[in-house]
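Trainee: Here it is, the structure, as structure tokens.
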Amino acid sequence: MGFVLWGFLTDFFTYETTKSVVVKSWSVGIINRIVQLLIITYFVGWVFIHEKAYQSSDTNIESSVMTKVKGFGYLQNQNQNENYQNRVMDVADYVSPPQGSGVFCIITKLIVTENQFQGRCAETEKKCSSDEDCQKHVGSNLYNGVITGACLKNSNESHGMCEMEGWCPAENDAIKIEPMDVNTFTIFIKNSIRFPLFNVTRGNFPPTMTANEIKKCKYHPEDNPLCPIFRVGDVLNYTGQNITELLSKGGEIGINIQWECNLDLNIEKCIPKYSFTRLDAPFAKNAVSKGYNFRYAKYFKTENGTEFRTLHKAFAIRFDVMVTGKGAVLCDIILLNFLKGAEQYKAKKFEEVSEAQIEASIAQSPGSQLSLKCMKSSCDSGALSLNTYDQPL
């Protein structure tokens, strides 16, 4: 037993050191250097250059978008009231909502049903030969009103239409209408973005651009990438979609403003890049629910106080302006000591704890003893370590 204990002690109180063996071999040396080169290439090429791991980034951006549409078009409809034939439409007629937000619609086609009163009338979508044909549709939400179950037809006719209760006459959206040409319309986009971590604010066009320059320019990804005026026809072309179908059926277009800013460089190089896509493309070839449309009504009263309305079914192109961004600068040592705004960054990064706060914490936890430790390495970096130890019972 004593021998075993003695052997354990002698083995325990020993010191080990590594021994280096230099192998003078061309094949082993070449393999060794190739492996080292691959590791260095990985860190330099991928970690530092591609991923920019030496930088601190801010993706929590603050952004605002304002839009304004301009242009005049003709609403051509030979099948409706003459008030809507070759009617000149301006922005108040075809833009919805009118507030100029990041999501808006340009109406390309309108089906108008005028002078609708509350009552009972023939449905325009459901044919019938007897009341039984209509009764099985009672309670359905697929029609212009509430189906009563009665079949309305003349005595000399074999087929009629189911009766509905609601706003009469019922809308007939099967009529043929040519869409309004909106290709020459323009969209003005005003976008501001802020990287709060670095207190950097940018706009999507240069502050030196004059009002006259803005009026004359048109966005082009290569020739004029900073112009905030976009032709609707160009935007639709950039999506690669069928423009005729978009004008006729409507659709949803995304305008993405991407800010990828390396704030180590000149701040003037922090500029937006635009991309365009059709957001409802997965449904473009569906047999149902194609495009984009919505309804709205304008209400009036007769002289005797009876309410009536004009119903509009609008086919529109909906535009969603979306903003994404990422700002990156060199690691904290540069941020904290050399860059403009370093004091603001320090204030956000570090929290200062006073003796009064420590004493208040001790008072709130009488069963614990607060020990404040500050290592030299952590004090130099501005970090503070607070450790709590329970008192012995």
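Keep in mind that glycine also has a Cβ here, set from the backbone N, Cα and C atoms.
From TrEMBL, here are the annotated features:
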BINDING   LYS68, VAL69, LYS70, THR186, ASN293, PHE294, ARG295, LYS313  ATP binding site
DISULFID  CYS121-CYS168  disulfide bond
DISULFID  CYS128-CYS151  disulfide bond
DISULFID  CYS134-CYS162  disulfide bond
DISULFID  CYS217-CYS227  disulfide bond
DISULFID  CYS261-CYS270  disulfide bond
Trainee: With CYS227 (disulfide bond) as the reference Cα, tell me which of the binding-site residues THR186, ASN293, LYS313 is the closest one.
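Mentor: In terms of Cα distance, CYS227 (disulfide bond) lies closest to THR186.
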Trainee: Cα-Cα, whole number of Å: CYS134 (disulfide bond) versus LYS313 (ATP binding site)?
Mentor: 25
Trainee: Spatially speaking, which of the recorded positions LYS68, LYS70, CYS121, LYS313 is closest to CYS270 (disulfide bond)? Use C-alpha to C-alpha, please.
Mentor: LYS68
Trainee: Within 10 Å of ARG295 (ATP binding site) (Cα to Cα), which of the disulfide-bonded residues CYS121, CYS128, CYS162, CYS168, CYS217 do you find?
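Mentor: So the list is empty; none.
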Trainee: Quick check for the class: what is the C-alpha distance, in angstrom and rounded, between ASN293 (ATP binding site) and CYS168 (disulfide bond)?
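Mentor: So the Cα of CYS168 (disulfide bond) lies 21 Å away from that of ASN293 (ATP binding site).
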Trainee: Say you check the Cα of LYS70 (ATP binding site) against those of the disulfide-bonded residues CYS121, CYS128, CYS217, CYS261; which is nearest?
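Mentor: Going through CYS121, CYS128, CYS217, CYS261 one by one, the Cα closest to that of LYS70 (ATP binding site) is CYS217.
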Trainee: For LYS70 (ATP binding site), list the number of other Cβ atoms lying within 10 Å of its Cβ atom.
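Mentor: So the number of other Cβ atoms within 10 Å of LYS70 (ATP binding site) is 13.
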Trainee: Any same-chain residues 6+ apart from PHE294 (ATP binding site) with CB under 8 Å of its CB? Would you list them in sequence order, or say none?
Mentor: CYS105, LYS313, ALA314, ALA316
Trainee: Sort out the sequence-distant neighbours of CYS121 (disulfide bond) for me: same chain, 6+ apart, CB within less than 8 Å of its CB, listed by position.
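Mentor: Same-chain residues close to CYS121 (disulfide bond) (Cβ under 8 Å, separated by 6 or more) are GLU163, MET164, CYS168, PRO169, ALA170.
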Trainee: Please report the number of other Cβ atoms within 10 Å of the Cβ of ARG295 (ATP binding site).
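Mentor: Here the count is 12.
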Trainee: For the disulfide-bonded residues CYS261, CYS270, which one has the sparsest Cβ surroundings, going by other Cβ atoms within 10 Å?
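Mentor: It is CYS270 that, of the disulfide-bonded residues CYS261, CYS270, has the fewest other Cβ atoms within 10 Å.
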